[in-house]
Amino acid sequence: MSACQTPLIVALDFPTREAALKLADQLDPALCRVKVGKELFTSSASGIVETLCDKGFEVFLDLKFHDIPNTTAMAVKAAAEMGVWMVNVHCSGGLRMMAACREELAKRSGPQPLLIGVTVLTSMEREDLAGIGLDVDPQEQVLRLAALAQKAGMDGLVCSALEAPALKAAHPSLQLVTPGIRPAGSAQDDQRRILTPRQALDAGSDYLVIGRPISQAADPAQALAAVVAEIRG
């Protein structure tokens, strides 16, 4: 497997396996990792992760597991057995759920994927949180969940780049994965709390998830190269 030389993760947000692999074939595993989300994973039935790994990609399995502790831990174990590089769970599942996942991965003799907690989705603002009974700012809720993740032994968090400085200050050992990244001049789409790649890295993010600016570009390879150049400045 080629070691990726950048913090970029390209989201393979497609409805079919064929479309996802068509994009993957245009990308260099040395310049990006790839993310497999719910739609692609579900529609592909099985094998998409293994196929991407065989192509040299490190795979972030973005299924945001959230269930009772044992069920979630077994799902994380299954993801590890597929060879994923990173897997995530919802921090709102609680301390016992996250700790169970950590303990299950610790039993493995082989490589362990990074175990990442999802805090507050980047599409959510204060009024969205209020709608589910949380009368708090997104950043305050992120910090609450981050403290739980740290206590549970998680490797990192998914968070907005706007929350990254506070998270790095409070939990410097956690690796921060930031979606909602848009290169300068890109449309915001449905992501609300966004920054450019360079701004996100400067804010403390360790990994950057980019979707449509690359996946929907006329030339995805060129779009990826442009983002790499923007990062390297």
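Each residue, glycine too, has its Cβ placed from N, Cα and C.
Sequence annotations record features per position, and here Swiss-Prot assigns substrate binding site to Asp13, Lys35, 62-71, Thr122, Arg182, Gln191, 211-212 based on sequence analysis. The active site, proton donor annotation in Swiss-Prot covers Lys64 and is backed by sequence analysis.
Where Swiss-Prot records a feature, it is marked here on the structure.
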residue	record	contacts (Cβ under 8 Å, 6+ apart)
Asp13	substrate binding site	Lys35, Gly37, Glu39, Leu40, Gly211, Arg212, Ser215
Leu63	substrate binding site	Gly37, Lys38, Phe41, Ala75, Ala79, Val87, Asn88
Lys64	active site, proton donor	Lys38, Asn88, Val89, His90, Val118
His66	substrate binding site	Thr72, Val89, His90, Ser92, Gly93, Met97
Pro69	substrate binding site	Gly93, Arg96, Met97, Ala99, Ala100, Cys101
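For the recorded site, Lys64 (active site, proton donor), the DSSP three-state label reads strand.
Residue with the densest Cβ environment among the binding-site residues Thr122, Gly211: Thr122, by other Cβ atoms within 10 Å. Classification of Thr122 (substrate binding site) by DSSP places it in coil, neither helical nor stranded.
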